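Peer 1: The structure's right below; bear with me while I get my questions together.
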Amino acid sequence: MAQPNSTAGVDNTFRRKFDPEEYLQRAREREEKELEKSSKSKSKGPPVQRKPLKHRDYEVDLDSRLGKTQVVTPIAPLNQQAGYFCSVCECVVKDSANYLDHINGKKHQRALGMSMRVERASLEQVQQRFENLKKRKETGTFTEQDLDERILKQQQEEEERKRQKRERKKEKKKEKAVEEEIEVDPDVAAMMGFGESCTVSSKLYSSCLIYAFCDKPVSEFS
């Protein structure tokens, strides 16, 4: 005998039902809000036209604080702390190499209102530059006679350096010879056949002693 179906007549109305149209509308509204936010962030203002990169018209101060002592405290302002202070970016760089990299970098140039692009020179600017160089060359004329004088002067300086070098070598040889010479005792000198008061080199003296103890005549090594 078959058992009756137990699921028949069960009330399933308590289960939650989802409306696809409602959630589709919510998704569309969310997408519209995201597009509005992105368009606002992109259209904050017109693009900034920055000036082309230019060379500095001032000298970078890297040596004014060398060799000086400074008391540094944690609560001191940035411009009084150890290192190099950049007033444009309001930051402190610890060494000169990084400071030069900073002031030549993109962030610093942007703060000055300049881009990293160099202005393209026009034909008139190039021609004007050539004219200025020609005028500078005409004011300080350079002749072949000046070149000969410079060559002659350089040769004389080179000869003077060589002469001084030779003299230094001679002085070193003399000092070395004086250091090697030793005073010989009169009795020892008489025994060896030298004069009463004489000076011999250390090598000759040592060889004389060897021959003396070996009963060799002085004439064989003198």
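Counting starts with 1 at the first residue shown.
Glycine residues also receive a Cβ, built from the backbone N, Cα and C atoms like all the rest.
These came from TrEMBL, pasted as-is:
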{"type": "COMPBIAS", "residues": "1-10", "note": "compositional bias 'Polar residues'"}
{"type": "REGION", "residues": "1-58", "note": "region 'Disordered'"}
{"type": "COMPBIAS", "residues": "13-39", "note": "compositional bias 'Basic and acidic residues'"}
{"type": "DOMAIN", "residues": "81-115", "note": "domain 'U1-type'"}
{"type": "COMPBIAS", "residues": "153-162", "note": "compositional bias 'Basic and acidic residues'"}
{"type": "REGION", "residues": "153-181", "note": "region 'Disordered'"}
{"type": "COMPBIAS", "residues": "163-173", "note": "compositional bias 'Basic residues'"}
Peer 1: Could you break down the residues of the domain 'U1-type' (81-115) into DSSP helix, strand and coil, giving a count for each?
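Peer 2: DSSP composition of the domain 'U1-type' (81-115): 14 helix, 8 strand, 13 coil.
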Peer 1: Using DSSP, what's the helix, strand and coil tally for the compositional bias 'Basic residues' (163-173)?
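Peer 2: Going by DSSP assignments, the compositional bias 'Basic residues' (163-173) contains 11 helix, 0 strand, 0 coil.
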